[in-house]
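To start, the structure under review is shown below, and the notes come after it.
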Amino acid sequence: MSQAEAARHSTAKPQDQGWAWMVLLAAVVLQGLTLGFPGCIGVFFTDLQHEFQASNSQTSWFPSIMVAALHGGGPLCSILVKRFGCRFVVMLGGLLSGLGMVSSSFCKSISQLYLTAGLITGLGSCFSFQAGVTVLGYYFVRWQTLANAVASTGVSLGFTLWPLLSQYLLDEMGWRNTFLIFGGILLNCCVCGAIMRPIQLAPGSFPQPAKPEEEPESRAEEAQLSNGASPYHPTLQQHTRRTKCGSMLQKYLAFDIFCQNKGYQIYTIGVTWMMMGFALPHVYLVPYAIHSGVEEHKAALLISIIGFINIFIRPLTGLLSGHRVFTGKRIYLFSLAVLLCGLSNFICVISAEFSVLILYCVILSIAMSGVGALVFQVLMDVVDMDRFSSALGLFTVLESITLLIGPPLTGLLVDLTSDYHYVFYNSSFFLISAALFMGLSFCTLEKNNKLRKASKARLDNPSRYQYSEMSTEPKAESQSPPAVEYITCI
């Protein structure tokens, strides 16, 4: 074997075999540590209220900021990955997450907790999670779909284990020592990142994509220089900065797709509205159960039940939705899952007994599995894959805004009324209205597209749609506008 062949063999070996499966295992742990972690915050809700003498609205800002940073830091993470690589960003995220939780154990006010456990830990979790998902795309080619499905089970494992561990440590050590221990646990993201060593791909293994965003800038500079302008001229520098800023926004925040693609516009608005109510049960279910007389360890078990059922239902939902029967129809499955989430909240309003809450968690978990399995798949269906990353950037930033403001606004309503039922009323309102909006809007859009295609077909072949009595005057027909032209106005 020649040296060149040996080099190609060594560079291709990590993909889909060998060390790639260790990277997949690290990705499972990583998603459990990051995406699964916010699910346990509700366990500490009551203790934090008593410690800082804070209202429901003030306390709920803490998990809201964490989840918003976890979702909204995507564009910043993409920039860091491009500059420093996935391995560095995963380890940086682990360091920030651990530092945030360790610092939060020394907080003297609820506002300090917003910065430490909220912003710093949330942003660190975002870096570790998104960079960990990205690196799977380099290690897996043939088995990429399987790898992503297996990695997503880490989220369900995290939802199952974090609440149980949280309640045990809270009973034994208090919330400050528990947060300190959590800081050490989240530092294991650095270990996962160390496992994700970069692959040295052989030259020509992947085609180098063109960089169209740099072309306008280079052409502008060349035009200015050809006219004798200095590269340090203020006008040229200002134009270059504007061009770089515009290309950066287009790359990571796809406003052009939002304005031009109706499907993406409807879906983004629907999911953004949905997120106002989607996170409310995760934040308030445990406090509601404790307020209603359920023992604390049983209340923490409710979140674990949701995560445990997700382990089995989410892969099945993804497998079912991948069948060709549902091609082009996944948005309706997604809307149905969101609708079921909204309707399930009325169970909590009927009764707060532990057995009834278990039934609620089972139904909610099944519906949430559908939402979790389909949310990004539907986005792939409505956006071309060559612009998916930029579409995802705007999508996550917008949903992070509603994730941030949803729980505090609901907490303010609970403070004013002293009634936790409004949590589930609010959640149902946002979820049901979002489901109906997306389902009906896509149904209307699909009908309009069919009418437009039919109209185009008639214009392209008008002879098929002419009446027989008009066929005796072909010349006059050719000079007059088509008889079905009015249909295009619909």
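Here the Cβ of each residue, glycine as well, is placed from N, Cα and C on the backbone.
Per TrEMBL, domain 'Major facilitator superfamily (MFS) profile' is recorded for 20-451.
Among the features that TrEMBL reports, transmembrane segment is placed at 21-45 (among others).
Per TrEMBL, transmembrane segment is recorded for 61-81 (among others).
As annotated by TrEMBL, transmembrane segment applies to 88-106 (among others).
Distant neighbours of the transmembrane segment (112-139): 14-16, 19-20, 23-24, 26-27, 30-31, 33-35, 37, 48, 52, 61-74, 76-78, 80-81, 86-87, 89-90, 92-101, 103-104, 147-148, 151, 179, 186, 189, 192-193, 196, 198-199; these residues of the same chain sit at least 6 beyond its ends, with a Cβ under 8 Å from one of its Cβ atoms. Per TrEMBL, the feature transmembrane segment maps to 112-139 (among others).
Among the features that TrEMBL reports, transmembrane segment is placed at 146-165 (among others). Long-range neighbours of the transmembrane segment (146-165) within the same chain, counting only residues 6 or more positions beyond its ends whose Cβ lies under 8 Å from a Cβ of the stretch, are 20, 24, 27-37, 39-40, 42-43, 132-133, 136, 139-140, 286, 300-301, 303-304, 306-308, 310-311, 314-315, 318, 372-373.
The transmembrane segment annotation in TrEMBL covers 177-196 (among others).
What TrEMBL records for 206-238 is region 'Disordered'.
The feature compositional bias 'Basic and acidic residues' is assigned by TrEMBL to 211-222.
According to TrEMBL, the transmembrane segment annotation covers 266-287 (among others).
Residues annotated as transmembrane segment in TrEMBL: 299-319 (among others).
The transmembrane segment annotation in TrEMBL covers 331-351 (among others). Through the fold, the transmembrane segment (331-351) approaches residues 267, 274, 277-278, 281, 285, 288, 321, 357, 359-360, 363-364, 366-371, 374-375, 378, 381-382, 421, 424-425, 427-432, 434-436, 438-439, 442-443 of its own chain, all at least 6 residues removed from its boundaries and within a Cβ separation under 8 Å.
Under the heading transmembrane segment, TrEMBL lists 357-379 (among others). Counting only same-chain residues 6+ beyond the ends of the transmembrane segment (357-379), those with a CB under 8 A from a CB of the stretch are 152, 155, 264, 267, 271, 278, 281, 285, 289, 294, 302, 305-310, 313-318, 321, 330-331, 333-334, 336-338, 340-341, 344-345, 347-348, 388, 391-392, 395.
Residues 57-58, 60-61, 63-65, 67-72, 74-75, 78, 252-255, 257-258, 264, 268, 271-273, 275-280, 283-284, 376, 379, 383, 422-423, 426-427, 430 of the same chain sit 6 or more residues outside the transmembrane segment (391-410) yet have a Cβ under 8 Å from a Cβ within it. According to TrEMBL, the transmembrane segment annotation covers 391-410 (among others).
Marked as transmembrane segment by TrEMBL: 422-445 (among others).
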Distal contacts, the transmembrane segment (177-196) - CB-CB under 8 A, six or more residues away: 22-23, 25-27, 29-30, 33-34, 37, 44, 86-91, 93-95, 97-105, 117, 121, 124-125, 128, 131-132, 135, 166, 169-170
The transmembrane segment (422-445) vs the transmembrane segment (88-106): 3 or more CB pairs under 8 Å: no
Other parts of the chain folded back onto the transmembrane segment (299-319), taken as Cβ under 8 Å at six or more residues beyond its ends: 36, 39-40, 42-43, 149, 152-153, 155-164, 166-167, 282, 285-286, 289-290, 357-358, 361-362, 364-366, 368-370, 372-374, 377
Same-chain residue ranges lying at least 6 outside the transmembrane segment (88-106) that approach it to Cβ under 8 Å: 30, 33-34, 77, 80-81, 112-113, 116-129, 131-132, 135, 176-177, 179-180, 182-184, 186-194, 196
Intrachain residues whose Cβ lies under 8 Å of the transmembrane segment (266-287), provided they are six or more past its termini: 38-39, 41-43, 45-46, 56, 60, 63-64, 67, 163, 258, 299-300, 302-303, 331, 338, 341-342, 345, 348, 357, 361, 364, 371, 375, 378-379, 382, 394-395, 398-399, 401-403, 405-407, 410-411, 414, 420, 423-424, 426-431, 433-435, 437-438, 441-442, 445
